[in-house]
Structures are given as structure tokens and as C-alpha cells.
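Enquirer: My questions all concern the structure below.
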Amino acid sequence: MPLAQLKEPWPLMELVPLDPENGQASGEEAGLQPSKDEGILKEISITHHVKAGSEKADPSHFELLKVLGQGSFGKVFLVRKVTRPDNGHLYAMKVLKKATLKVRDRVRTKMERDILADVNHPFVVKLHYAFQTEGKLYLILDFLRGGDLFTRLSKEVMFTEEDVKFYLAELALGLDHLHSLGIIYRDLKPENILLDEEGHIKLTDFGLSKEAIDHEKKAYSFCGTVEYMAPEVVNRQGHTHSADWWSYGVLMFEMLTGSLPFQGKDRKETMTLILKAKLGMPQFLSTEAQSLLRALFKRNPANRLGSGPDGAEEIKRHIFYSTIDWNKLYRREIKPPFKPAVAQPDDTFYFDTEFTSRTPRDSPGIPPSAGAHQLFRGFSFVATGLMEDDSKPRATQAPLHSVVQQLHGKNLVFSDGYIVKETIGVGSYSVCKRCVHKATNMEYAVKVIDKSKRDPSEEIEILLRYGQHPNIITLKDVYDDSKHVYLVTELMRGGELLDKILRQKFFSEREASFVLYTISKTVEYLHSQGVVHRDLKPSNILYVDESGNPECLRICDFGFAKQLRAENGLLMTPCYTANFVAPEVLKRQGYDEGCDIWSLGVLLYTMLAGYTPFANGPSDTPEEILTRISSGKFTLSGGNWNTVSETAKDLVSKMLHVDPHQRLTAKQVLQHPWITQKDKLPQSQLSHQDLQLVKGGMAATYSALSSSKPTPQLKPIESSILAQRRVRKLPSTTL
């Protein structure tokens, strides 16, 4: 976005002449003293410790599942451990060929392993194993399912300053920890900040990190991504941990504005801009954000915030972070603004399909030079926690088999993995069938969606992001054959909610309260995340088993569901929604939420009365039903209503209010006495009409509603202007 150009906001440093060949500052001009041996192997001091008696790992201990990424140094695979004590656990495996690494790159790799082995912090990726073969080096790291911050920043979400503050605060704690160990990160950029499944950050890729080596604790290497480089890194005058705080400022600027502060047409021009350009401060930023940026963008590193004796404490004390509770943040008790859409432990939907579509293959390494193994001597490492008593309970591990596949770029077809059985249900644009997974003989349901009639991307994303909720149907697998999309979900063996209730010989008001509580709690969770279902008819609320326990209810069929988005198609965080959304957008969102509550009101009425509120019989026309709905006319007397509690009638009336903006919210439903005091409700039996009459009336009600309004067609988020502008292509190399 265009930035308002102001007068010179930051002081300038004297510009160091650039080498015309490569755009880099020459060593002598930059104050870098040449070394007679070029300092290649002496660039860092490598220290190494391995726990005595620990069992070493090797490549045979890991099953290759998918390619997650590929860069100049090697590939990253998703792997599953197949040996004890952590068999079944998923990791990211970074594989590097010794023969293709230059000496300097080998030092970087050894350095990355040493740094990761020494660092244990909630916001830094954890190293679990490190080992080598004759031709390759292996780093076994946390598998972080949320992908990298760059993908989130560029393709999906509208962040506010409060949202950015969360990520920057976690990042400050991670950097502070590295600095306390004498480590300069030097490659801070969104691509190296990963998200876990909850949305917390993890710093990764330590190939350019460096432990300070001279008496002034300065490093001199020219490294990092040029747009994020500090001036002292560009001119090679020697840099300390203060260089990371400049990069931190660049990241903050990019997240707040969507653009980089210094970016030329090529590398040389970018470095020139970093050293001498005037930059206008965007006036739409808060004064606190502007103040922090000015304090970080000091070209003299000695004057930069964070460079003083207190280090990161200077950053943490800045007024921009006045609302952050740093202790709660460190304990991961502050809720992230964005939750990645990942469901199963080995989902890789958020990794570039250029890589995840490839067959994972760890090719034999070419034997390196004779000295290579000596250079990497002592490379093996086993995380301490893995050697503890295996009898102790551990966190839930991934199952030994996986049915989750990648959505795009596969050469797989649904019938390769599943046997299709009978039809369960038919809709206007999809059909649902029972299916059996061939490898495990497990039963599932598959929803086959005709892509020419509906774009399923929103439904898939919502199920991935929120399907972990205990009362939302779980998405197990996704296939795409260009004409149809196949959504494999858990099988609802207990059938529809109304079928179960109306077939019971005994159903009471108290039981109805427990049912509504479970469903309302789930709807309140969705609404709090900016998601509206918009099709909460009873046939989309099913039991996962035949127990009839309300906790076994699942909300299904998110085909009409929506996530709250900005005009450019990007998702809005709750903070963004609360502060920056136009009233008409909020009004529409409130209307959709009101429709969900109305549907729950219809369900509640039917459970209590034994018949539907607006359809009186098979002879009703859609026009008659719509007239009753629009006038808000329904009866609360006679039949079961003579014995139903007054609090129940009050709740029904407030949920079925004719004005959607005057209906109770899901949160208010949960706070209603009929829900909070359910144990005091009557347990007398409620009578009901014939099951088919009730279901017929319900079907007629929703049929009349659907015929009265057109269904909006939602476009995929990839079609948004901002998403298209920020699409990038990662470099491809062969390992």
C-alpha cells in the first residue's frame, strides 16, 4: 500500500561504497580485516555435546511421508518415527547432502545443529535428533502443522496492530533467549517463523545464526535475506545481536503495512536504500507503533532499541507492548489471533503443494570428500526427554496409519483408497455415501461434491480449522478429481437428532435442555470465531454413535457456512472484526448468526412441543409457512405446553423473535436459566406427533425458506487481489 512520505524520520549513516560487481560492500571499505586463511573454517567456534549412553538414531528409524519443502541446502520431509520410545510420532526431517555443501555451508549446518541442541524455548523449534551417514546430514525437528507466517500473512488473514503485537511479542521472547545464549539469529523473516497447530510461533532455520566470536562480540559475515539486513550487516562493519532488532523492525513494518520498508529493483539498489534512503512513516499506524519502529530503525546500532545492556527488556518496556502480560505470553496462555486450518496430525495443507505433491524420496548421498566426515564429527544427538522411562504417559501420538491426504497435486483417486458402499443422503449439489478405507477396514462417510455446482473450498477450510471441536464433524481425508471433491468424514452411526429423540419412549424437558446446551455451546464457539453455519436444520445435527448421549452430537454439513472476511476476501481475526469492520458487514454477520439461533429455536420448539412451530400439516403451502415465519406467529399453549416450564417458553420466544437482531446470541442462550439450571427442570414425558409428520413439517419449513432467497456464490480466497499479489514461487533445487 502507498506510504505517506514525510520528512526524514530517521538519522542517516555515512554510505559505504558498494562493490559494483555484486552490490556488496567491499571488505576493506567496510572495515573488515582480511584473514590470511579467509576464516572459512574458523568462522565460528563449534562446541558439541552428546548425552552419554544415548541411543543414536539413523535414517531407517524414520518413515518418509511427504516432502514439505526444498531449498538451497536440501530437502525437508514429513517423517514418522518407527522405533521406540517415540514410535508413531511425526517430525520434520531436514536432509542435507555433504557433497553439495560448500565448506561455508557445512559450517552453517553444523552450527544449526549445535544451536538447536542447546536451545529449549517455547517459541524456538526443538531439535530431537541429529545424525549423519557417509553422504548426508539429518536434523530431526518439530513438525509444525501451521506452516510459515509468510503464508498466513500473505494469503489469508487481515491482521490488526493488536494481532501483529501478539506475534512480535512472542518473537521478542524467542530472540531474547537466543541472544542470552550469545547467538545472533541474522535471518529473521516471515518464512522462518512457523506456526504450530494452535497458532503460536516457532523460530526455525538456524543456518545463518552465529555465536559471536570476537572480543567485542561482533560477527562480520555478509549473510541473511537482503531486504531484512541491518545497515551494519550490509556495510560489513561488524554486527551484534542489535542487527536482529533492525530485522525485527522490518518484519513489524511488513506485517503492519503489507510492504517492505526498503526494497529496490535488485539486490544492489535494495542495499543502497537500506544504507541511505529516507522512509516516510505511514500515518495510519498508531503513535505507539510509529514510536517503536523509529526506535528500531536506528542506523547506528548503538542507538537502536534493544542494543543496550538490558537487551530485549528495552523492547518489552516500550509503550507499544503495554497491554502484553509477558509471563502469560511465555506460558502460552494468551490465545493467538489466528488458528491454522489443520485437523489431523500429519495434515500438510499449509505447505507449498509444489513440494507436498512430490514423492518423498531420500536419494543415496554421493560420497563426500575425505575430510567431510571429520568436519561433522560428533554430529549425532538425541534429545534428553526421549531417553526417559517409556512407561510414563506421553502426549497423544499420531496413529500408525494415516488416511489424511493432500488436497491438491496428488496422482491419487478416491477409489484407490476406499470402497464405496450405499448412499446415506442426497443433496442438491452432493451425495453422501458410506465407504470403507481399504488399508484399515475402517468405516467412514464420504460427501461427493459436484464442483460445477458449488465451490467446496470454504467448507473444507472450516472443517480443517474447527473440526477438532468435539461436537463438529471431523474431516478425515480429501480427494479432488477435477470434477468432484470427496470429503471423507467420521461416520454418523447414531443417525439424525430428531429421529433419535422422537423414537425414544421417554423424552423429557430436562433432556431437551442438555441437547440444546451441547449444540448451543458448539454454535457459540463457531460464532466467536467468525463462522456462521447458515443451515442448522435438525437433519444436519447427528449422533456419532447409538448411545443417545448429547456429548455424541455432531454439527454436520458446512456447505453453506461462511467465515467472516474483509472486502478483499481475506479472513478477519476477532480483533479485526471488533474494531475495523463496517457496520453493514457486522449487521449481515449478526443476521447470519441470528439465523443460526432461529434454527436452534425451531429445534427447541419441536423437542418441547412434539411438532414444528410454523408448518401445521402436509397441506401447508410454502407461502403459508413463510407468512407465519415472517409474522413470528407460533403457539405456546395447549398440548405439551401446559406442562412445559415458563423458562422454556421464555427461551423459545427469545430465540424465535421475528427480528434477527433482537434474538438471543448463542452466548446469551447458554446464560439463560433454562440452560444454567437444567437439573431443576421437569422430567415428565413429552408427547409428540408421528415421526414422519414432524420430519415432514421440518422439511417443509426449510424448503420454504430456501426457495425464498438466492444462495450467494462464494469465491475461493485465492481469487482475492491481495492473495494474487502476494503469491510467490519458492526456488527449486535437486538434492
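Just so you know, glycine gets a Cβ as well, placed from its N, Cα and C.
These numbers come from a predicted model, not from an experiment.
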Enquirer: Among Ser45, Ser60, Ser221, which is annotated phosphoserine in Swiss-Prot?
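Expert: My reading of Swiss-Prot gives Ser221.
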Enquirer: So if I draw a 10 Å sphere around the Cβ of Val426 (ATP binding site), how many other Cβ atoms end up inside it?
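Expert: That number is 9.
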Enquirer: If I restrict to non-local contacts, at least six residues apart, and a C-beta distance under 8 angstroms, what lies near Cys432 (ATP binding site) in its own chain?
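Expert: Listed in sequence order, they are Thr423, Ile424, Gly425, Val426, Ala445, Val446, Lys447, Val448.
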Enquirer: Other Cβ atoms within 10 Å is the metric here; tell me which of the modified residues Ser307, Thr573 scores highest.
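Expert: Counting Cβ neighbours within 10 Å, the top one is Thr573.
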Enquirer: Cα distance, Ser307 (phosphoserine) to Gly74 (ATP binding site), nearest Å?
Expert: 34
Enquirer: If I take the Cα of Thr573 (phosphothreonine) as reference, which of the binding-site residues Leu68, Lys94, Tyr429 has the closest Cα?
Expert: Leu68
Enquirer: Is it possible to get the count of other C-beta atoms within 10 angstroms of the C-beta of Tyr429 (ATP binding site)?
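Expert: Around Tyr429 (ATP binding site), other Cβ atoms within 10 Å: 14.
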